[in-house]
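Under the heading domain 'Phosphofructokinase', TrEMBL lists 171-473. The annotation Mg(2+) binding site is assigned in TrEMBL to ASN268. Residues or ranges marked as site 'Important for substrate specificity' by TrEMBL: GLY269. Residues or ranges marked as active site, proton acceptor by TrEMBL: ASP298.
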Amino acid sequence: MGTLSHAIAPKLAVPCHGLSSSKPRILRSNSTRTASAARSRRVFAGIKSQNPPIDFSDPDWKSKFQSDFEKRFNIPHITDVFEDAQSIPSTFCLKMRTPVTEEFAGGYPSDEEWHGYINNNDRVLLKTIYYSSPTSAGAECIDPDCTWVEQWVHRAGPREKIYFKPEEVKAAIVTCGGLCPGLNDVIRQIVITLEIYGVKKIVGIPYGYRGFSDKDLAEMPLTRKVVQNVHLSGGSLLGVSRGGPGISAIVDSMEERGINMLFVLGGNGTHAGANAIHDECRRRRLKVAVVGVPKTIDNDILLMDKTFGFDTAVEEAQRAINSAYIEAHSAYHGIGIVKLMGRSSGFIAMQSSLASGQIDICLIPEVPFHLHGPHGVLRHLKYLIETKGSAVVCVAEGAGQNFLQKTNAKDASGNIVLGDIGVHLQQETKKYFKEIGIPADVKYIDPTYMIRACRANASDGILCTVLGQNAVHGAFAGYSGITVGICNTHYVYLPIPEVISYPRLVDRNSRMWHRCLTSTGQPDFE
């Protein structure tokens, strides 16, 4: 097996800007693609590739597409490898208030009359809008006629039958990547739910995947008493890091420790690593459940309404934006610049701009822009200074990277190290106004680490709680190589490969981006 950094490097096969970029597309020749874009034909299939592509002349293409979709979104199960794996009645039943004991007197507790279980055949509709035309705002279509095809994914929640005996489980939790509000909330809820099932051996792996190989890092025993109040502070009880040992070394460590449930909290790269661990466990025929919980403050995981930490980030960003507004509004020809998170996706910048109502210019990675020229950002800033007397700019960290010198340097997760667009924009703004002889007072604020380190707000707290619970339910139900998320307000299980092919992006033709443009009043900077 290769090193973990290769396994978790994000697959950035990003669709071309200008198309609806929240889902993959069928790639065509340049001439065809140009004509198609002109006609606004949005080709959506919710799939990473079509090889061969759909033959729309086939009268049965719709049923074939649905069949292919069901195969790809069929979530892996223990019985795929262990056909003779025996299920037992679930030890999770909220009608039974007494603690589960080691003796399990009278067999495993269950109550068939309790209607709190999810049937394995329950599904959630992935797409709920019927687009009547490919030219509709934000239209996501399978074919050029925007035909409606139902796409169902698996509903998350406790099952009546489980495939692990709680007294035989050793569960481990690991948090990888950067900090994000809500990590402690998810850790806490995983531990609490495991104990309700009757699990006695729960450990935390310190400092991400690194904790599997570093002999100086001992696993942390976790109980409800240990995690009871961890959600009251930000950060991660277990610590975080990027990169780590090879997949084979991680699975070796899991075998040595006797871990048969692994809960992985992280983003696209971390999930790719979790999927590789799942595959290696299957190759070795280990009865192990690997379940991911998507953690990305950027909200850039495919197919999900949102990821935990995002709402908190948008709320916390209001403080920085308001400070920039006050600085700009109080100064003569004041200009406030706020840089927010968003390596390849501008969701935080867009939503924060909408929420504040104080932003005049919002710049995101998905929408190219010019700084100079008659339609550039700087010319519009001049207009704002002349008409309003001040201006506030919100820019995502991944925006405008074409203006900065590329180093090709990468971090431990395989992410390209970005240049600082905030500092560049500040410098170019000062230079521009000095050259045209107009005084300007430019203030720059970067609240990144203040936002990442704060505790989750109420909205994220609820999301984290339910995600943590459903992660445990999925593992006990015998699923592995899955992640849990929220889709159309319902909680679902998705196979990891389907959500990590590339980052989810802001669709520049979506109603939400149009709403942001309406709020800021900014022109087209291309």
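Just so you know, glycine gets a Cβ as well, placed from its N, Cα and C.
Taking only the Cα positions, the spacing between ASP298 (active site, proton acceptor) and GLY269 (site 'Important for substrate specificity') is 13 angstrom.
Each residue in the domain 'Phosphofructokinase' (171-473) has a pLDDT score, and their mean in this model is 94. With a 10 A radius on its CB, the residue listed as 'active site, proton acceptor' counts 28 other CB atoms from all the protein chains. For the recorded positions ASN268, GLY269, counting C-beta atoms within 10 A of each C-beta gives the highest total at ASN268.
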